[in-house]
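Asks: Below you'll find the structure I mean.
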Amino acid sequence: MLPLRWFARRLLLAATVVFGAANAVFFAFRLLPGDPVRSMLGSTNPTPELVEQVRHELALDEPLAVQYGRFMRRLFTGDLGESFQLQQPVGEVIGDQLWPTVQLATAAFALALLAAVTLAVLTAHRPRVRRIVSTLELVAASTPAFWTGMLLLALLSFRWKWFPAMGGSGAVGLVLPAVTLAAGLVGVFSQVLREEMERALEQPFVLTARARGSGETAIRLRHALRHGLIPLVTLAGWAMGALFGGAVVVESVFSRQGLGQVTAGAVAGRDLPVVTGMVLVSALAFALINLAVDVLYRIVDPRIDERSIG
Amino acid sequence: MGVDGSRAGDALLRVEDLRISFGHGRHRTEVVHGVDLTLRAGECLAVVGESGSGKTVTGRTLAGLTGPGATVDARRLDFDGQDMTAAGEREWRRIRGAEIGLVLQDALVSLDPLRRIGAEIEEALANHGVGTRRDRPGRAVELLREVAVPEPEWRARQFPHQLSGGQRQRALIASAIAAGPRVLIADEPTTALDMTVQEQILDLLAARRDAGTALLLISHDLAVVARLADRIAVMHDGRLVETGPTERLLAAPTHPYTRHLLDAVPSARRPRRSVVPAAGASTAAGNGGVDRTDVSHGQATGAVVLSVEGVGKRFPAPGGGIDALSGVSCTLRAGETLGVLGESGSGKSTLAQVVLGLMEPDEGAVSLLGRPWSGRGERSRAGLRGRIQLVQQDPLSSFDPRWTVERIVAEALGAGGRRAARGHRPRITELLGLVGLGPELLDRGPRGLSGGQRQRVAIARALAPEPDVLVCDEPVSALDVSVQAQVLDVFEHVRERLGVAMLFISHDLGVVRHVSDRVAVMRAGRIVETGPVERVFTRPEHPWTRQLLDALPRPGTSPTSPAGRSMPGHVS
Amino acid sequence: MTASQAGPATDATGATGPTGATGIAPVPRSRPVRAARRGPRAGLALAGAVVAVAVLAAVAPELLAPRPPDTIDPVNALAGPGGGHWLGTDQLGRDVLSRIVHGARTSLLIGFGATAFAVVVGSLLGVFAAAAGRAVDQILMRATDILLAFPGLMLSLVVVAVLGPGTANATLAIGASLLPGFLRLARGQALAIRDSDYVRAAVVIGRGRGSVFVRHLLPNAVPPLLVLATVNIGSAVIAGSTLSFLGLGPQPPSPEWGAMLAEGRDHLDTAWAAAVFPGLAITVTVVAVTVVGRALQRRIDGRDGHGR
């Protein structure tokens, strides 16, 4: 049912986003103030000869056009260069660390969605309960993830020793990081979900449903919830960003392996090829997620079809 | 169900001294003050009132759906002999859908837009255990066929937005009658629909009534109700002021409010200017008396102020584009009112935009006061800009929400700032007086005004630059009938005092007949018929005009209506 | 006999039953809603007080802090609350309370500074996009799409990677990550107002472009931007402390809440105090700022949107 032209246009747009991101990051690193070579060598007060040598090794002394040409050529063959710090191809670094982060993000997303749906269905249009829950949501949204993680560690790992304090393997090691990461999302999810559900509950079609004898539970689950899920689909792109941003912090708090740790380390050490690689990977992921959202959107909301063809 | 016993049968619904209030303690306000109703099988009772009269709350209360924060008191609230005054949600749920069905106004929002038509109907069946899970889809299709939705198998799998307005309303009715309720409450079931479709839906409801369903019809429109109702109850300010058999009530209303309602309806079946100022409308009446003799408005023979020649406008759309206007020509003479009549999508609003110079035509030209108006830059129009002004449908959105009435009108006098506005106070007060508003409104914001007041302010603003032409785009469509009558009087008064020419755009035949000297009937971007108002309404030439006029509901009072053409046969 | 029915609102389940008062013209608010109105007033006062204290700490920390923030006392390192230190000491024996008070300046500066940067630059670019015509608009909006493609923190991290760590760079980095949102809103507002009925009315009356811009567009476009700004300050403060936590914000030994938590992280198993109180400071401040921001939002919405 998906119009091919529409899909092609979206695909082109996604490609543009990735290409634009590649350009932005290439020029940002080379044109903005700050010398990557010097900051890479750090505070050792390197001799000018050493700086020049490193610059030459990294091919940063060539004309911009030549650098750009090589960068783009490599990009199209999937070669992201080599990490300054780790002396390892960037593609390999990212590939190695991708899985733990995806695992963490997926678990956190599922947890957050489940909690948010439960909260929203129970509290929509029930002023008393809702006030308590929305206060909790405000506090949750106002708490930085690293602090949530530290509190959980202090209580559940160090004091009560329920969970491993560091790393840990398998499902047990995943619990605390996933809960920490989910905590940041639940508030936003349930707020958006509830607001839309409440809007739906005030619509005439809900009155019509009541008039044909439907009960409260049926109305919430069969009618209002679906309306609530629509804006949540739109939020998927944002959620992916939040999950990835959160992963940087959570992995660092729990000393977990993953892309977040890699990114944090690369930024701190100004390992530009790795940072560039991460930017491209996240742009690609975002573009793909948004493409998926657009498709999903048309499935969830039948009204979209007509609207977006014009 | 004993169909033939419709008259003798016991009342299905019997309500005595029904009182409904909202809020608690000090903040409690009663909105319905003691209503008595009875409804029998096979009978149609209409409750007629303006918005805020309490008719909707009353209707919903009869289905146990008053809403949160409401308190319902009644000496008696019986359904089929069963006392419902103390019924809980559980008992109401058993009755809703199975015994009492409810149909709301706009099916686009009254059916869940995310669910298929069939699913909505099946839900009603499932709620009351009608049929098995297996045969419910088939039953839903049957029901759609029963309410005459074409291609029901296909429609059942579609979503509400994919159906036309009329089909949607039919589907909504199908879902309400699915579990076979003996009582059907229809709240403004035809209001959102075009005239021709409205008639079909009324026929459908009439068929249900004839099949033995007790029908409670709630509407603001006496003319619509008259076609169907056996009895009419007029509701005003939470009370039933008059109840009686339809023919009697229309022919000889006893309560002043009923008479007022009947008078306020600008009838498309009566010649123009028969609307009397509303009984309670002191402001309009007070000003309406001034200078009535100044300008006589016979046949307009003044100079041409606006001329539209062969105008075409095309909008891009899938499949090549839509001709919003094609080959439209008309002229407007000084002091004359040209009514432009058309249903939604006929191109009448596009015409307004082009005439105002807000949109450039693709073909043809518009000239104003003999000078070219279309096809030139906004800057070069400056000298003529004030000569043509606009009154829009929704006055609220046409005001900057942060401004006061004074600033709104002052801006049209060329004073944008707050201080500059002050200097124009006398002239602003004069303009407000012209539309029947007092100076006490000067410092109000648009949200502090009633709907009628807002539209008057919009008219005052439009008159500020002393225009020769006033373009009115559905200016009274968003107003209640009695307010509508007052605002129409303001237009009448303005035209007598100032002799301004009007291009009056509306979908409402009654309104157009009331205000116009000449009428242009539009359909699909073309003017299909033009002529003097009396000739067009009494001897229409184009088949489309004839169809529009035929679709008009005919109240019994109308002197031109062939007696009982579509009056319901049996009166209780 | 008069039977009273409390409406289906309070049915057997005791929950708020059928809702959906749509169409019933102004439904007077029922009790729970009024109670909810009264609640926030006390909460708002408390939030205002917290914001005032935080601002005071940022402006004149000496007035509130019991000690200097950087006096080292290794003997009493990692002490719990009590004794001479209300909130305990950190790994170098510095007073945690004093460091929290002194840290307010940096933490708030990053939050407010980043938001201010985003509002100003975002609004100017947004209105420019709306006014400049199709080509420029398309380019700017595609650029915004690309910026939005980065998760907020990712964008900040890239900026820090380019500019290097530090307070000013962190502020700029967070400002950059907020920018696209403001640009979008400003453009949307400008377009919506341009196509509104009241601007159409002003054109018909004969007002010129400049007059419409100054009198209608600007005054109506600014309030929503300010609302977005006030509700964004809280998340900007959190983003700032996150960068600090990762060691990319203000550098030691200057006190900052996120940085303090990073130091406390290493001693979580033995000294919980140094790892708990700075976080509490962040959460309490952000909640307070958000509550004040929402109150402001209700006021502005009330004046321009709903009500009268």
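Each residue, glycine too, has its Cβ placed from N, Cα and C.
From a predicted model like this one, the values you see are computed outputs, not experimental measurements.
Marked as region 'Disordered' by TrEMBL: C:1-36. Look at TrEMBL and you will find C:1-30 tagged as compositional bias 'Low complexity'. Residues annotated as transmembrane segment in TrEMBL: C:42-60, C:108-131, C:143-164, C:170-186, C:225-250, C:270-293. Per TrEMBL, domain 'ABC transmembrane type-1' is recorded for C:104-293.
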Asks: If you count every Cβ pair below 8 Å, which range out of C:42-60, C:108-131, C:170-186, C:270-293 shares the most with the transmembrane segment (C:225-250)?
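Replies: Most Cβ pairs under 8 Å with the transmembrane segment (C:225-250) come from C:108-131.
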Asks: May I ask whether the transmembrane segment (C:170-186) has at least three C-beta pairs under 8 Å with the transmembrane segment (C:42-60), counting pairs 6 or more apart in sequence?
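Replies: Between the transmembrane segment (C:42-60) and the transmembrane segment (C:170-186), contact is absent.
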Asks: Rank C:108-131, C:143-164, C:270-293 by Cβ pairs under 8 Å to the transmembrane segment (C:170-186) and hand me the top one.
Replies: C:108-131
Asks: Counting only residues 6+ away from its ends, which parts of the chain sit with a Cβ under 8 Å from the transmembrane segment (C:143-164)?
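Replies: Residues 170, 172-174, 176-180, 183-184, 239, 242-243, 248 contact the transmembrane segment (C:143-164) from elsewhere in the chain.
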